[in-house]
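These notes concern the structure reproduced below.
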Amino acid sequence: MNRVHNFSAGPAVLPAEVLKKAQAELTEYQNKGRSIMEMSHRSAEYEAIDQQAKDRLTELLGLGDDFEIMFLQGGASSQFMMAPYNFLSEGQTADYIDTGRWSNKAIKEAKIFGNVHRPYSSSETGYDRVPTDDELNFSDNPQYVHFTSNNTVAGTQFATEPETNGVPLVCDASSDFLSKPIDVSKYGIIYAGAQKNVGPAGVTIVIIRKDFLAKADTTDVPTILQYQTHTEKIFNTPPVFNVYMVNLVLEWVQEKGGLDYFKKFNEEKGALVYDEIDKDDFYRGAVEKDSRSLMNATFRLPSEELEAQFVAEAEKQDLFTLKGHRSVGGIRASMYNACPRESVETLVNFMQDFRAENG
Ligand code: PMP
């Protein structure tokens, strides 16, 4: 295999071991004479995959019996709509912490269903930080508090869950899902598009606390958009190959040592890049230090010309997709679970050489 160092923000690098296993099983799954893509989603083989993936998530996150897990379609963007559709009605209020592009898109959808209160927004400073608990001004009686645990575009991340004094969190965890342990007891819903930390694009993982689900008001919600519909059995044809891939990635996460392992691994990779940024003024972190993301490191160079040159020269050394999001510019190195340490070390070496030549 001749794989590049892939810093894509998503769809992102997958573990090479997982891709190899999928390749070996691609035309024939478990000696059944056909691939998993060519079997019924009601087959024993697929149902076993669906169950195994759910069991693995339960084990990795410590979910116990309190949660329902579902593999849906429509991306995290559909969850921006589905969560308020089920849990926010006219006259009610939900609190949405506004920390960037994706929070904003979630807010836009929620407003269709009810009132949205922003307990905090960093929009005026270009989304350069996430709040501390004492900066959060909640409304009196919110249905839930929504937050984006990692802000893929700006490059900020909540180090821990915001303190809501018991109000359930609804979390868009798309870009840091399974990158570290979390306190699941604080969450009503955790949702994540798979394409960054857990698998290929096309499946969205949704985890809902059962006692929160019981509070859903689904009077006017179409069947497929009710969470309850997806809890009893597989409702309609799921993206079977994607769930199969997710299951392989989850197996890999378990074999590596679970979420404690990845917390440490991701902290180490992040430190390599951020230490390099902080060495002098050539590289400049794009966000406040306390809010830095271990998943998406964003930084600037002295000029946009140098940034373009950085991206172009990096590619010549097999360092791919380092250009910042089109809405903010700069450089963004995305380093999800499957990004090997060697890729980050190669990037840091390149940063040193580039500074030496252009600083
Ligand atoms: N939330 C976050 C934090 C994201 O990074 C993204 C995609 N980059 C989305 C939501 C949107 O996800 P999707 O394209 O799966 O709808």
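Note: Cβ is positioned from N, Cα and C throughout, glycine not excepted.
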### Message
Suppose a student reads TrEMBL and sees Ala76, Ser77, Trp102, Thr152, Gln195, Asn236, Thr237 listed for pyridoxal 5'-phosphate. Which of Asp133, Asp172, Asp176, Asp217 should they find annotated at that same site?
### Response
Asp172
### Query
Which ones in the same chain are close to Ala76 (pyridoxal 5'-phosphate binding site), with CB under 8 Å and 6+ residues apart in sequence?
Trp102, Asp172, Ser174, Tyr191, Ala192, Gly193, Thr204
### Query
Per DSSP, to which secondary structure element type does Lys196 (N6-(pyridoxal phosphate)lysine) belong, with helix, strand and coil as the options?
coil
### Message
Helix, strand or coil by DSSP: which one applies to Asp172 (pyridoxal 5'-phosphate binding site)?
### Response
strand
### Task
Kindly point out which of the binding-site residues Ala76, Asp172, Asn236, Thr237 have a C-beta less than 6 Å from some atom of ligand 1.
Ala76, Asp172
### Task
Find the one among the binding-site residues Ser77, Thr152, Asn236, Thr237 whose C-alpha lies closest to that of Lys196 (N6-(pyridoxal phosphate)lysine).
Thr152
### Query
What kind of secondary structure is Ala76 (pyridoxal 5'-phosphate binding site) part of, going by DSSP in three states?
helix
